[in-house]
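Going by TrEMBL, these are the annotated features:
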{"type": "SIGNAL", "residues": "1-29", "note": "signal peptide"}
{"type": "DISULFID", "residues": "C38-C53", "note": "disulfide bond"}
{"type": "DOMAIN", "residues": "67-215", "note": "domain 'Cupin type-1'"}
{"type": "BINDING", "residues": "N102, N112, H117, E122", "note": "oxalate binding site"}
{"type": "BINDING", "residues": "H115, H117, E122, H161", "note": "Mn(2+) binding site"}
Amino acid sequence: MMKNPSASPFYMISCLVMLLLLPLPSLLADPDPLQDFCVADLSASTSVNGFLCKPASNVSSDDFFFDGLSKEGNTTNIFGSNVTAANVLSFPGLNTQGSSINRVDFAIGGVNPPHSHPRATETDLVISGQVLIGFVTTGNVYFSKVLTAGQIFVIPRGLVHFQKNVGPGKALIFTTFNSQLPGAAVVPLNLFASTPSIPNDVLTKTFQVGDDVVNSIKSKFVVKLGPYSR
Ligand code: GLV
Ligand code: MN
């Protein structure tokens, strides 16, 4: 007589594992807060997956206000772009709220170079100008669009993406994240401006070029670009 496969221990363990894994897709952003707010005490000497809360009695309206995105960023750098970040480090009121926002200014022809955010999905809103926004999937498929004022584009979590000003004047976008500190791994800086450096023979073999090319690229990034090491 055939045995009922659904009675086997292997089948039951597989079902149990599936049941345990099912809720995982809903855990796509920072953990939910356990209180109304938790304004970060950035001076505390300990932190646990975020920052300790400032005592509620010391919290005022100013803790929920940030003026840092009202000014145009300085785009006089090799990329012709500037990212101003309102994340938990600059705006402690965001602590535990699972949210942050950047202002990105572009000079004519400026690019926000390829980078990825390990901890967040990004949504880009164009305020002015014409901006080419693109990302590449883990399967190396490229998606892109040229956007104008009022249009938005979503960058799936963790994927390499960029923005380039393709209009005749300056451009401005705001980017929002479902993390208080999305992190940014900037591809050219990760590869060619790390400390200490990735050995040249790794890069020459990887890119199939000579030392001269690798040294030339490394030399472009000798002066670290503050906003890009966010
Ligand atoms: C844009 O991609 C940003 O990270 O702000
Ligand atoms: Mn980004």
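A Cβ is built for glycine as well, from the same backbone N, Cα and C atoms used for every other residue.
Curation does not apply to TrEMBL; its annotations are automatic.
For the binding-site residues N102, N112, the ranking by surrounding Cβ atoms (within 10 Å, all protein chains) places N112 first.
For E122 (oxalate binding site), other Cβ atoms within 10 Å of its Cβ number 25. Taking only the Cα positions, the spacing between H117 (oxalate binding site) and C53 (disulfide bond) is 25 angstrom. Distance between Cα atoms for C53 (disulfide bond) and N102 (oxalate binding site): 23 Å, as a whole number. In this model, the domain 'Cupin type-1' (67-215) carries an average pLDDT of 97. Within 8 Å of the Cβ centroid of the Mn(2+) site, not counting the listed residues H115, H117, E122, H161, the chain contributes S116, A120, F135, I155, L159, V160, T175, P182, A184.
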